[in-house]
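Q: Here you go, one structure.
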Amino acid sequence: MNDDPYGNLLPSSSVLPLPLALLLFLLFFVLGALFAMCESAAETANESRIKKDAESGEPRAKKLLEYLERSAGIISPLQSGMMLMGFFALAVAVTGFAPRLYNVFIRAALPTSAAAVLSALLCTLLCAGLYLTAADLAPKKFVAHKAAHGMQHTYKLCPMLCALSAVMHPFVLLCNLISDGLMRLLGNDPKALDETVTEEEILHMVGEGEEKGVIEENERDMITNIFDFNDTTVTEIMTHRTDICAIDEESTIAQAAVLAVENGFSRLPVYREDIDTIIGICYVKDFLPYVNQPVPDFIHLKDMVRPAYFIPETKKCSQLFKELKERRLQIAIIVDEYGGTAGLVTLEDLMESIFGNIQDEYDNEQEEIFRVSENEFTVDGTTSIDEISDLTDTELPEGDYDTIAGLVTDLLGRIPKENEHPSVQVCGLTITVLEIEDQRLSRLLIVKNDPRRTPEEETHED
């Protein structure tokens, strides 16, 4: 058996003593578990809660907050330390335990090559599995569970977290310098790589920030809306042509003033003959000189009209926002491909697409979506299909419509009469028409059906 890679039944004198091997393995095992606990504590640290505790006079919170602000990469050294301890534990296992297991296999009459491979493989798998389970996953889950119920356990780990991170920081710095040097040898700029952040990464960080309590839900929504702003077309937020409050050019100034006051608008589109021929915008402030004053016969409404700003349906919200600011305008008229009026959009509409609904003293309209109960909602007919799908956690069918009213009309195959309240069943939802105005489904009730109901229990139309 001269081909024995370990020296043919290795004598105990040539192998790492078993007590020392066990001691070293246990040492690296415990250190790895400590690194894992500190890493989990750093990852689950709720910065807003830490700041609040620090302001309340908690000394450990102040120390941890100072260290977090001073150390940009606190997690990387802890991860490296845990990985390094794992390598050391595995090295001890292979040098201290594998030769003894090899001798057992040799005595069992296994070929030397098979005994060598099998002993090394078994030691590696057993030790790696034990380390991964008991020194990595278990400590992390333990700390994460404690962090969910308060920051006291994190504060207890603060001194050890700071010490272990500081010890490993030079090692991580050296590794980064070597890797940056290799990147430069390959013709790449490591700094350019570090500065490249994708939209998905930012949104992921925002989501993590919300989970940790650093970012509030409304802040998360605003950041998400900002990214969506570049991809949103004006037709998605516009006031539809049927809902536009406009006035004929032949109307009097008094009529225009009354219409503006009744509807709470400071600007009114002015049309010639019908809404598809908008000739401009009249500003209510231009009527102020004639309040409680007789209007001269030679002054007509059409003479006070200012030019309207027309845009195509394909215009992006981000582009329009920039254009309205540059032109100092508050309103734009959206024109369809046939030259007709599709709708209008205001600067307030653009702002609301980011910040949510902004109500002023003139707004007294119903909420677009009102939650009646956990499974019941009343919605405007103009609510988009995508919003309803997100609201009800369903995938509503697509078609030649954009709104929930369009979907219901398509399923019914007709336009209901004003005294009707028909219902349709789709994707586990019961949608009932509540209000109809001018042949439009203005308000609907959506009920999420009991999932235990069978399709036979549902009817297509009541």
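Glycine too: its Cβ is placed from the backbone N, Cα and C atoms.
Features from TrEMBL:
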| type | residues | note |
| --- | --- | --- |
| DOMAIN | 14-219 | domain 'CNNM transmembrane' |
| DOMAIN | 238-298 | domain 'CBS' |
| DOMAIN | 304-361 | domain 'CBS' |
| TRANSMEM | 20-42 | transmembrane segment |
| TRANSMEM | 82-102 | transmembrane segment |
| TRANSMEM | 114-134 | transmembrane segment |
| TRANSMEM | 155-174 | transmembrane segment |
Q: Under 8 Å between C-beta atoms and at least six residues away from its ends: which parts of the chain pack against the transmembrane segment (82-102)?
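A: That would be 6, 10, 14-18, 20-22, 24-25, 28-29, 31-32, 35-36, 39, 115-116, 119-120, 122-124, 126-128, 131-132, 135-136, 168, 171.
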Q: Within the same chain, where does the transmembrane segment (20-42) have neighbours whose Cβ lies under 8 angstroms from its own Cβ atoms, ignoring anything closer than 6 residues to its ends? I mean 6 or more beyond.
A: 68, 74-75, 78-79, 81-82, 85-86, 88-89, 92-93, 95-97, 127, 130-131, 134-136, 138-144, 147, 153-154, 157, 160-161, 164-165
Q: Of the residues in the domain 'CBS' (304-361), how many are helix, strand and coil by DSSP?
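A: Taking the domain 'CBS' (304-361) as a whole: 21 helix, 16 strand, 21 coil.
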